[in-house]
Amino acid sequence: MRVRFGQYPNCGKRMVLEPGRLRPYSILRSFLDSEASAGLTLMFVAALALLLANSPFAPVYFDVLHRQVLGLTVLHWINDALMAVFFLLVGLEIKREFLDGQLATWSRRALPGIAALGGMVVPAVIFIAVNGGEPANLRGWAIPSATDIAFALGVLSLLGPRVPVSLKIFLTALAILDDLGAVLIIALFYTAELTPLMLILAAATLLGLAALNRFGVKPLAPYLVLGVVLWFFVLQSGIHATLAGVALALAIPLQASTGGGPTSPLHRLEHALNPWVAFLIVPVFGFANAGVSFAGLGLSALLDPVPLGVALGLFFGKQVGVFGFAWLAIWLKIADMPRYASWAHLYGVAVLCGIGFTMSLFIGLLAYPESAVLQDETKIGVLLGSTLAGLIGWLILRVTKAGFPERT
């Protein structure tokens, strides 16, 4: 039996809208379905990248990634340009959920928000504790603080109706808040030397985007043109270029035009981008960044401070932080347990939050831009911690009895 959104009381009431409009839970269901299948795609390309990086084709793989195209390497185009589109989608999702979705009220934000906070703080503390004797390594403190929603929902999708829908919504909301935290971390802690002129031009472009929103411009084309201009100025300013995607997302109108199309510009852009990001951009990023050669590496390499701190932070830190903070919030009656979910369900999802992959790899690149060795060690830690979290989280949820009624 396939669980349907809106089937259970905790998922909220179905809303009847004008003909042709998207129902909120249709949007969420579509999002979850695509993210789940995208997670499986991401697993495949990550495994393929590892295989190529440790095969006779490794020189070709690395040569293509470091080939210069229009002044940047292919890897830089992927990490700076394609990932800006990924962050644009992240920004759109954050804005929609905060204004008109699962995070629209403080009561809905409480449990995923508190759990997300724990899931960022505890892994960072573990990483710092492991790497305290190596000051140069401490720039990577935020690496294990991220959750990869595509991977996590991909694992949940393998469990079918054994997992309550409310728990999938909880994980989605937590991951969105986690992404918001990652965006703030990148903006505050991983900014290079700034170029004042480019910052001024970027700010002027932002004002232009704000003016379009303020005057009710609904066509997407003007926003996208200014978004490309903003990306260029941000790229040259010293701030990481991907943040231009988030800034552009905040300017896209959420309200539909009166007498116009049935959906808002934000919804149109989100649904247009979703398949491209899920099945092209994120897999390309994973393929380009997951490949690490194990040649010359022994088991002792896993005990180096960076991979050990990342792996322990993702696997132990995430589950302790997410589950511990969620338990405290429920015990203090600040938040409620997701409907039809048990403590075992919640713990299993907390373990799955240790799948860091996309955002963890991305932060690792920002943390150690000049050290290929530390970047490779980061990849090893991310792959190890994420794999353990995925396998153990799946096993916990697989053996946990479904706590909600079967309905047809």
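Numbering starts at 1 and runs along the chain as it is shown here.
Placement of Cβ uses the backbone N, Cα and C atoms for every residue, glycine included.
Counting only same-chain residues 6+ beyond the ends of the transmembrane segment (42-62), those with a CB under 8 A from a CB of the stretch are 148, 150-151, 154, 282-284, 286-295, 357-358, 383. The annotation transmembrane segment is assigned in Swiss-Prot to 42-62 (among others) on the grounds of sequence analysis.
Marked as transmembrane segment by Swiss-Prot: 69-89 (among others).
As annotated by Swiss-Prot, transmembrane segment applies to 110-130 (among others), with the evidence given as sequence analysis. Only residues 6 or more beyond the boundaries of the transmembrane segment (110-130), in the same chain, are considered here, and those with a CB under 8 A from a CB of the stretch are 103, 138, 140-145, 147, 170, 173-174, 176-178, 181, 305, 308-310, 312-314, 316-318, 320-326, 328-330, 334-336, 338, 350, 353.
Counting residues 6+ beyond its ends, the transmembrane segment (140-160) has Cβ neighbours under 8 Å at 2-3, 32, 35-40, 42-43, 119-121, 123-124, 126-128, 131, 168, 171-172, 174-176, 178-179, 181-182, 185, 189-190, 278, 282, 306, 309-310, 312-314, 317-318, 349, 352-360, 363-364, 367-368, 374, 378, 381-382, 385-386, 390, 393-394, 397-398 in the same chain. Swiss-Prot lists 140-160 (among others) with the feature transmembrane segment.
The feature transmembrane segment is assigned by Swiss-Prot to 169-189 (among others), with sequence analysis given as support. For the transmembrane segment (169-189), the list of distant contacts is 11, 28, 31-32, 35, 87, 90-91, 93-94, 97, 102-103, 108-109, 111-113, 115-117, 119-120, 142, 145-149, 152-153, 156, 239-240, 242-243, 246, 322, 338, 341, 349, 352-353, 359, 363, 366: same-chain residues at least six beyond its ends, Cβ to Cβ under 8 Å.
The transmembrane segment annotation in Swiss-Prot covers 192-212 (among others). Same-chain residues lying 6+ beyond the ends of the transmembrane segment (192-212) with a Cβ under 8 Å from its Cβ atoms: 222-223, 226-227, 229-230, 233-234, 236-240, 244, 247-248, 251.
Annotation source Swiss-Prot lists transmembrane segment at 215-235 (among others).
Sequence annotations record features per position, and here Swiss-Prot assigns transmembrane segment to 238-258 (among others) based on sequence analysis.
For the transmembrane segment (277-297), the list of distant contacts is 34-35, 37-38, 41-42, 45-46, 48-50, 52-54, 58, 61-62, 65, 74-75, 78-79, 82-83, 85-86, 89, 150, 357-358, 361-362, 365, 376, 379-380, 383: same-chain residues at least six beyond its ends, Cβ to Cβ under 8 Å. The annotation transmembrane segment is assigned in Swiss-Prot to 277-297 (among others).
With a cut-off of 8 Å between Cβ atoms, the residues of this chain six or more beyond the transmembrane segment (312-332) that come close are 110-111, 114-127, 130, 143-145, 147, 174, 343, 346-347, 349-351, 353-356, 360, 381-382, 385-386, 388-389, 392. As annotated by Swiss-Prot, transmembrane segment applies to 312-332 (among others).
Taken from Swiss-Prot, the feature transmembrane segment applies to 346-366 (among others).
Long-range contacts of the transmembrane segment (380-400) within the same chain, counting only residues at least 6 positions beyond its ends with a Cβ under 8 Å from a Cβ of the stretch, are 46, 50, 143-144, 148, 151-152, 155-156, 158-159, 162-163, 290, 292, 297, 301-302, 306-315, 318-319, 342, 344-345, 347-357, 360-361, 364. Residues or ranges marked as transmembrane segment in Swiss-Prot: 380-400 (among others).
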Near the transmembrane segment (238-258), which same-chain residues lie under 8 Å Cβ to Cβ, leaving out any that are not at least 6 residues past its ends? 80-81, 83-92, 94-96, 99-100, 183, 186-187, 190-195, 198-199, 202, 206, 209-210, 212-213, 216-218, 220, 223-224, 226-227, 230-231, 264-267, 269, 362, 366
